[in-house]
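Peer 1: Feature annotation from TrEMBL assigns active site, nucleophile to 136. According to TrEMBL, the feature active site, charge relay system maps to 160, 245. Annotation comment: TrEMBL describes 174, 179 as Ca(2+) binding site. Look at TrEMBL and you will find 318-441 tagged as domain 'PLAT'. Taken from TrEMBL, the feature signal peptide applies to 1-20.
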């Protein structure tokens, strides 16, 4: 517990430093000296969490003894990437540790390639006690550091690893699954073409998690950026760029603050399939926790996982797959139709959740994903409404299209429970722009096992 609290503190200090750091990385050559490397290695311990108790000097092995490191305890090292002012790489590091080693410090300083793997083993530090966390460029620095050790470090967490110059780079020059016993990655700002997005798009770990599809994060819109600039001035204009990129850090901090109720991510072949609700399975390690309490599942291929989040802490939401069969005697097809669904449970309710179906046709079944920001408990009832195209629509005035719906199936991702809802009237007639249809939990005798529902 102490180690988690200390890691949380280090991440908070680290996040604050992103708006204040001015240091840069000197041009690296192949000499094994550290004179021109501008790095800071700050140690904090459980005994004194408010102040840096010691600074590790790159290339000075004696600093290990001077700082009284405990080599038997777990070590966290966090490495940030881009500075606020000039978007240049900076390797300010915070060691949130019970003990650490000068060897790792040497490996990480000056973009790590300056040091060979022989130096990284010099002090025989137990690398299975090391967890490296790197943000943006720092994620790749952590990966390179891990690759330079003869024995692998325990874990590397990449927080939205940088994309430019790394999207098409070979594994030795970027973060990769070979850099640690376990590598987990959060991708939060992959918008843009490959190689030009702020965050790397391709999977580079054992588990790669793409919150909200990874392209853009809720709350990080232009309107919000304009509001921040209006309140704080043009000095915060970079918030538009930073918001989604830095969300990876906030998500990891959130996993420490709310470790008893972690956010769930789900393995899926694509974000499009995830949006259809087709991937909410936890069988055979198909779901996992986001952040610190992730289950260290290693497979031959990287696992791409997805989830939705709120726009602020706590970020956890509750995912549901909804499956509806639209029937009717008249053949009809509607495109880009807006609906609202309301869920009612034993604990709470979540009303008027909007969703859009690209197409709705007679005698077809559609699956889609919705999520709630509150835990509503066991599902009891739902309402489904088909919205009009506008408040006053001539087409809906003369004839309102509709479908017949007998049952609706809902699967909860977090509990893995499936509930089938039946119409109160055996069959509900859902009409566009009219009153919502109401469905309640089906009785066992009303379920037909042959229907596949």
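Heads up, the Cβ atoms here are built off N, Cα and C, so glycines get one too.
TrEMBL does not curate its annotations; it predicts them automatically.
Show me how these features fit into the structure around them.
Peer 2: In sequence order, 135, 136, 139, 186, 187, 188, 189, 198, 199, 200, 245, 246, 247, 248 constitute the residues six or more apart from residue 160 (active site, charge relay system) in its chain with CB-CB distances below 8 Å.
A sphere of 10 angstroms centred on the C-beta of residue 245 (active site, charge relay system) encloses 26 other C-beta atoms.
Counting only residues at least six positions away in the same chain, the Cβ atoms of 142, 143, 144, 145, 146, 147, 152, 153, 156 sit under 8 Å from the Cβ of residue 179 (Ca(2+) binding site).
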Peer 1: When you measure from the Cβ of residue 174 (Ca(2+) binding site), which residues in the chain that are at least 6 apart have a Cβ under 8 Å away?
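Peer 2: Expected: 140, 143, 144, 161, 166, 200, 204.
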Peer 1: Using DSSP, break the domain 'PLAT' (318-441) down into helix, strand and coil residues and give each count.
Peer 2: 5 helix, 78 strand, 41 coil
Peer 1: Over the domain 'PLAT' (318-441), what is the model's average pLDDT?
Peer 2: 92
